[in-house]
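Chemist: Copying in the features that Swiss-Prot gives for the protein in this structure:
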BINDING   Gly13, Leu14, Glu15, Gly16, Ala17, Gly18, Lys19, Ser20  ATP binding site
Amino acid sequence: MTQASAKFIVVEGLEGAGKSSAIALIRDFIEKHTGHAPVCTREPGGTPLAERIRDLVKIADPSDPLCDESECLLIYAARAQLVANVIKPALAQGNWVLGDRHNLSSLAYQGGGRGLMPLVEAVSNATLKGFKPDLTLYLDLDPKLGLQRAAKRGELDRIEQQAIDFFERARATYLKLASEDECIVVIDASQTMAEVHKDILAVLQAMAW
């Protein structure tokens with residue numbers, strides 16, 4: 001791998017799937033093989049404006065509940081800012097980018113979970129214009145197990161408090177989209193952390209960059 005062949009890699013998964021530890025592993029792998037740390041992003045978030053939008057999406061306001069359509073549009077507003085002001089400039093400068101979630105999350109959560117796929121696809125096409133990661137690692141986990149893990153971290157946010165069937169629909173959408181796109185690799189996140197990390201490293205080492 002070289003800095004000149006900079007790529008955009010994303011880690012996806014339901015709550016409690018182990019994204020944080022996977023991202024740390026991939027970050028170290030990229031730095032070791034390129035000599036440079038990747039630009040790390042999270043969604044929603046990653047720019048000052050996008051972080052403010054993140055708070056609107058994540059924190060419930062009983063006095064003004066966020067409707068599903070507003071949630072979708074806010075997330076895409078944050079993503080548009082991040083892509084325009086961070087991700088594309090970083091790639092243009094030869095820097096690898098490592099993302100904690102990207103467009104696949106919206107397709108799964110808002111498209112599958114909320115049942116808003118036509119809106120999600122329309123806004124995705126309008127804002128991203130075909131821009132997508134070079135590789136997405138989807139950490140697949142039963143939603144019940146994932147939420148149990150997430151609950152151990154502390155208080156659940158507005159998204160994490162959704163009913164289990166929301167996450168089941170999101171998972172089904174993740175798996176369907178992964179089956180249709182060779183750039184999305186499914187990792188069994190029900191394994192031990194060591195096994196998950198072994199599988200991730202195998203994918204990274206096998207890719208012809």
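Each residue, glycine too, has its Cβ placed from N, Cα and C.
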Chemist: If you draw a 10 Å sphere around the Cβ of Gly16 (ATP binding site), how many other Cβ atoms fall inside it, taking every protein chain shown into account?
Modeler: 23
Chemist: Any idea what DSSP makes of Gly13 (ATP binding site), helix, strand or coil?
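Modeler: Looking at the DSSP assignment, Gly13 (ATP binding site) belongs to a strand.
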Chemist: Applying the rule Cβ within 8 Å of the centroid of the Cβ atoms of Gly13, Leu14, Glu15, Gly16, Ala17, Gly18, Lys19, Ser20, what extra residues of the same chain belong around the ATP site?
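Modeler: Near the ATP site, beyond Gly13, Leu14, Glu15, Gly16, Ala17, Gly18, Lys19, Ser20, sit Leu139, Leu141, Gly146, Arg149, Ala150, Ala189.
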